[in-house]
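As given in TrEMBL:
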- 17-24, 85-89, 139-142: GTP binding site (BINDING)
- 8-274: domain 'Tr-type G' (DOMAIN)
Amino acid sequence: MTLENEIKRRKTFAIISHPDAGKTTLTEKLLLFGGAIRSAGTVKGKKSGKFATSDWMKVEQERGISVTSSVMQFDFDGYKINILDTPGHEDFSEDTYRTLMAVDSAVMVIDAAKGIEPQTLKLFKVCRMRGIPIFTFINKLDRMGKEPFELLEEIESTLEIETYPMTWPVGMGQSFFGIINRKNRQINPFREEEMLKLDDDYELETPHPISEDEAFQTAVEEFMLVEEAGDAFDEEKIAGGELTPVFFGSALSTFGIEEFLDTYVDFAPMPTPRKTEAGDPVDPTDEGFTGFIFKIQANMDPKHRDRLAFMRVVSGKFTRGMDAVLARTGKKQKVTRATMFMADDTETVEEAYAGDIIGLYDTGNYQIGDTLYGGGGGKIEFENLPQFTPELFMKVSAKNVMKQKHFYKGIEQLVQEGAIQYYKTLHTNQPILGAVGQLQFEVFEHRMKNEYNTDVVMEPIGKKIARWIENEEDIKESMNSPRSNLVLDRYDNRVFLFENEFATRWFSEKFPEIKLYSLL
Ligand code: GDP
């Protein structure tokens, strides 16, 4: 197969949702359809979400690096589909956001009973900013949930995106009788035996079951209304993330999945170009191999210091043992140890193409955002990955004052790696750490102890709203208060940490001349 054809058949997406919406279940079922696993229930990685954070550490230690590596490839209809999980719960961190930088589309899973939940919204915003196509899977139709029109309306108003239902449910809960497929205008009936396959936590909870006839009649009427009055189909809008194709189904009972996959491969983009620091796009079909690192998975086992750096191949072809240059240092190296994740196991990568995600074994060479290139292309460097606005903050210091040097070296490296964000107080230079998820602090503490031999003392200062300042020159000392605390970021930009929304609004009203902004 030619390079171009290999690349054209690749589709790389992130799966996003609020915890418990059914992301893991849907992933399992997608893999099942792709024939990647023989029976569902073997998806690694996610179950970590069910542990408390301390358990996560233990699991990491026991099983090494694999637990949270959550990238998988499967085949479907001649396509090679790369699916990237975005950890939630206590695992939520900046990595979750950065994962979205490495994909070309996103699949948003929504629990039909709950609608849009906070974490979905956060992740959606990052997708939106990137202008990537977003596909919506409304899950758990086998239970009573919100009415389909209500859900569409919620998506449209909360996320400001148009919707285009590709399927339409016939009833729900105990009266879930099937889905209407808009593409081939056929009804796929929900079979009784599918009902039986539902696991133990499935309860029949429809208060007033309606008859099959009644459900079909309503569904057909609704479907006609959608066709008449709904948003028009527009491929360009899908491509730009302005219109989301919507699917209804039940991941647990493997219903609505095939309809979803069928349409997904039709409309999801092939690997897209990425911009360099200089602003030039690198096309996926360029001959030279290029890629960037978007996530570094530390091994929590102190006996095994090696880490796994996740790289998105941006252009060309990666082959095992090839020479690649790390753009930041200019150093050339042979890349021999790379892995790719299939559902059942990891495999050594012999070759990978633009769009693929591979894990490189790392002994501390790579940083988040690093560019690698080789195979003939000239020197390039991809643009930096965005920094995200942290929400949680902690004061941190070394327990033992004699260990200051180790302490600062550790912080520097972990910050560079993107594990945590670094701030300090204005005059006293007291280090402050910022994170989007609590887990980042725990990983920081653990790694400082294990890798830099430094015990740290952490003092939570809680949730804050961080706002950067466009016109820093207009800042006055008097604006610094406990409710609008001025600190410095790692580049010495001044940042306000506001106590809450109220304090932010109050400040903006009192000092309208100060132009505040947030990172992503
Ligand atoms: P995640 O946190 O988004 O990865 O969610 P999971 O896939 O772990 O699912 C959370 C819970 O919802 C589990 O108990 C699943 O069995 C259940 N679940 C997932 N999909 C469905 C579905 O389609 N119907 C029903 N009734 N339950 C589901």
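Glycine is no exception: its Cβ is also placed from the backbone N, Cα and C atoms.
Where TrEMBL records a feature, it is marked here on the structure.
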residue: ASP20; record: GTP binding site; contacts (Cβ under 8 Å, 6+ apart): ASP111
residue: THR86; record: GTP binding site; contacts (Cβ under 8 Å, 6+ apart): ALA14, ILE15, ILE16, THR96, THR99, LEU100, LEU123
residue: LEU141; record: GTP binding site; contacts (Cβ under 8 Å, 6+ apart): ALA112, PRO169, MET172, PHE176, ILE179, PHE248, GLY249, SER250, PHE255, GLY256
Original post:
Within 10 Å of the Cβ of LYS23 (GTP binding site), how many other Cβ atoms are there?
Top reply: 26
Subject >> Cβ neighbours of SER17 (GTP binding site) where a neighbour is any other Cβ within 10 Å >> reply: 24
Original post:
Which binding-site residues out of ASP20, THR86, LEU141 lie by ligand 1, going by a Cβ under 6 Å?
Top reply: ASP20
Original post:
DSSP on LYS23 (GTP binding site), three-state: which is it?
Top reply: helix
**OP:** Looking only at the domain 'Tr-type G' (8-274), report the model's average pLDDT.
**Re:** 82
